[in-house]
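Worksheet: one structure, shown below.
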Amino acid sequence: MSVTKAEIEAALSRVTLPDGRNVLEHDLVRALTVEGSVVRFVIEAPNADVARQMGPLRDAAEQVVTELPGVTQATVALTAHGPAAKSATPPPNLKIGGHPKPQDGPTKPSGVQRILAIGSGKGGVGKSTVSTNLAVALARAGRKVGLLDADIYGPSVPRMMGINKKPASPDGKTIIPLHAHGVTLMSIGFMMEEGKAVVWRGPMLMGALQQMLGQVEWGELDVLIVDLPPGTGDVQLTLCTKSELTGAIVVSTPQDVALIDARKALDMFATLKTPVLGLIENMSMFVCPDCGSQHQIFGQGGVAAEAEALGVPLLGALPIDLETRLAGDGGTPVAAGDGPMAQAYAKMAKGLIDGGMA
């Protein structure tokens, strides 16, 4: 007989914080699901600083649920509702942006073996979520991974990776990247004041991308993932023509309006002679946490059909998932955990490694 949510909540009521109140009274438990004998839920801390201190609490919650009759496995993800406290460290004395410098043909940062661009024709399809989680999954698989957030106008990697520090620049030219979850990181978001809009024309964007590729000490990397902005603009053009790209991956939802713009991204990569290594269908379905039924909110099979028509692999189909959203907002990507979404990203990472793409 399957365990009930009431039984799980009764067990969790015994897991208390230093003030004597339990995790339910503090409203920390999210996304509780029961699938047969497997229980999954999220403990959501108020911010990333608190989350870092709640490992023992998560372990205790996992233990009391695992001990319940009818439970063979309990998986508890620890995340945070908001970012950690704002860093008082000022931005490095380094000017970012400006007209790009001339270069002789496409280049690649020293020590970087492969560069993968992850793009989409349309915003809001989860491209940055896929980029961050795929980077973490590859790192967990033993690869040396870098992640460059090239979405200049809307950088989200700092939040998703739980980093609010500023990179060092010892000489005003060289940029020392940051690290989180086994991944080497660089984002324009690290260089800008929080909440400050980037209001730049095309040449400034191109110059910033050139700097983040060429002035960052990336070190020895098996693969550098570049999270592109949506669309087919200056950043994409600069990356594809000025860098030695291994190839591109396009992310789309199954929805027709998303596929229309994804086809434009695919056409752009073809025009710029950048190989498309595969497609990823994000938000492919919603699985009800209460009854387990599947709902194709954005349609079904559109990305798979597009991949088949192009003769490229469908690298994965990812459901819309509350745990993924909570983990991204909290700064600990879901791929860093052990649940079904982490397994899905691990499977995609293995496919890229086995295919020689990462």
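Numbers run from 1 along the shown chain.
Cβ atoms are placed via backbone N, Cα and C, with glycine included.
Feature annotations, reproduced from TrEMBL:
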BINDING   Gly121, Lys122, Gly123, Gly124, Val125, Gly126, Lys127, Ser128  ATP binding site
DOMAIN    5-76  domain 'MIP18 family-like'
REGION    82-112  region 'Disordered'
**Report entry** Lowest local Cβ density among Gly121, Gly123, Gly124, Gly126, which the record lists as binding-site residues, within 10 Å
**Finding:** Gly124
Query raised in the report: From the centroid of the CB atoms of Gly121, Lys122, Gly123, Gly124, Val125, Gly126, Lys127, Ser128, the recorded ATP site, which same-chain residues not already listed sit within 8 A by their CB, in sequence order?
Result: Ser120, Pro230, Val251, Ser252, Ala258
Query - Where Ser128 (ATP binding site) sits in the secondary structure, as DSSP reduces it to three classes - result: helix
Query raised in the report: Within the domain 'MIP18 family-like' (5-76), how many residues are helix, strand or coil going by DSSP?
Result: 24 helix, 21 strand, 27 coil
Query raised in the report: Out of Lys122, Lys127, which has the highest number of nearby Cβ atoms, where nearby means within 10 Å of its Cβ, if these are the binding-site residues?
Result: Lys127
